[in-house]
Amino acid sequence: MKRSPAILKTRRGGGGGLGFAAIAYIGVDYLRFISPVWHDRLQPALWTILAIAAIIRVPFYKHWSLELRSAIPFIFAMLFLLSALLFEAISVRSVTAVLGLDWNNDASPLPDVGQWFLLSLNEKLPQTVVDILRARIIGLHHFLMLFIMLAFSVLFESVEAPGLGLGARYMFTMGIGRLLRAITFISTILPSARPWCASTRFLVPEHPHPWAQKYYVPYATDSNAIRNIINWDTAYADPGEYDPEFRPDWGSMSFLIDFLRPTAPEGSSAWYHLLKKASGGCNDLIYSGHMLVAVLTAMAWTEAYCGYSSALIWIFVIHSAQREIRERHHYSVDVVVAIYVGIMLWKMTGLFWPMKDRSKDTRLHRLEKIQGRLMRAAKDDDIEAIRELLKEVEVSNQVRENSSSKAMWLFSGGTIIFTLSMVLLAFTLTSDG
């Protein structure tokens, strides 16, 4: 069966408008490093143009019924992602707190071949190339905004509807990735590539938690002790004496005290200062959350839009990956694992994700129902009867689409206002996205 020209256009890049908007967004935002004055002028103008263009297209969008069917999965995916981020935020603080600041300050970074490789390239490549590799061209918030632009492009028919379905799949996949990430990095605690990070970002006790005092510290450096615990399979050593743990009254949330290890100056809840604003961690958190976002954005863009802009976004992913290693936010293993986990998760959710346009299947089902009548009309050369039967299929579909036009208008307006509000809040109240 041949694909329609509109679908082929979508798969090949939709005419370039979305790609141009993405490049303009990245370029204008990078002006903050080159010419802050022009950045302050052009960025508000660009956002205003994009917002007005989206609002103007709302009355002409024909797929609000698809968006409405995607609304409930979208909400559930958003709640799932928020739950995963909460679990991750608790885990991020826990892996730093459990061993205390002394261990985090003294632990040596792991040997990283990727870091060595990039340092050697600095000595061999032209300085202009090295400067480009070092440049902060794109960050986490850029990848998030690129996906938002992709989802909104359904208004311009650049990608296949529904946009909320695409957003729901993105958030659901991100939630799975975040849960897997948290489970991974809390399983084995690795030292940070930036040893000073914990003392500057976290206010936790300097000594290890009683669990670590008993089960880790006595066997951390003594090879004979390690051999004995392997042979005996029992924690036999005396952990020594440490300062008592501070235990605030958190009521029903007191079970988190052992994981978060608050100190007296910051132990009051509300709630725990909004979980310390959910800043990033300091231990090595395998795999990289930044790279997971970047890869999922690139996968969504490649699948939904394709074209030259998809190749450019993958170049941005590679650039961001080497910067994560170069600036020692992550080890190379974190970046490599995030790339293939992101690709596999997106492919996996694509196997069962239901948010597709089923209108063609519906028409085919109705045609199958009237197939016998069509055949009889064709044998009788009754063109008028064939016309009426085909009109019946189209009319029944239009009735279903337009049966609640007022509700659709309310839904469309609410969707645009809600989404734009969430975008503004996300980039105003959060750090780097």
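For all residues, glycine too, the Cβ spot is worked out from N, Cα and C.
Annotated in TrEMBL:
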- 281-348: domain 'Sphingomyelin synthase-like' (DOMAIN)
- 12-32: transmembrane segment (TRANSMEM)
- 44-60: transmembrane segment (TRANSMEM)
- 72-92: transmembrane segment (TRANSMEM)
- 293-319: transmembrane segment (TRANSMEM)
- 331-353: transmembrane segment (TRANSMEM)
- 407-429: transmembrane segment (TRANSMEM)
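Sequence-distant neighbours of the transmembrane segment (331-353) (same chain, 6+ residues past either end, Cβ-Cβ under 8 Å): 110, 112-115, 165, 169, 172-173, 176-177, 180, 190, 193, 284-292, 294-296, 299-300, 303, 317, 321, 324-325. On the 0 to 100 pLDDT scale, the domain 'Sphingomyelin synthase-like' (281-348) averages 92 in the predicted structure. Counting residue by residue with DSSP, the domain 'Sphingomyelin synthase-like' (281-348) contains 52 helix, 1 strand, 15 coil.
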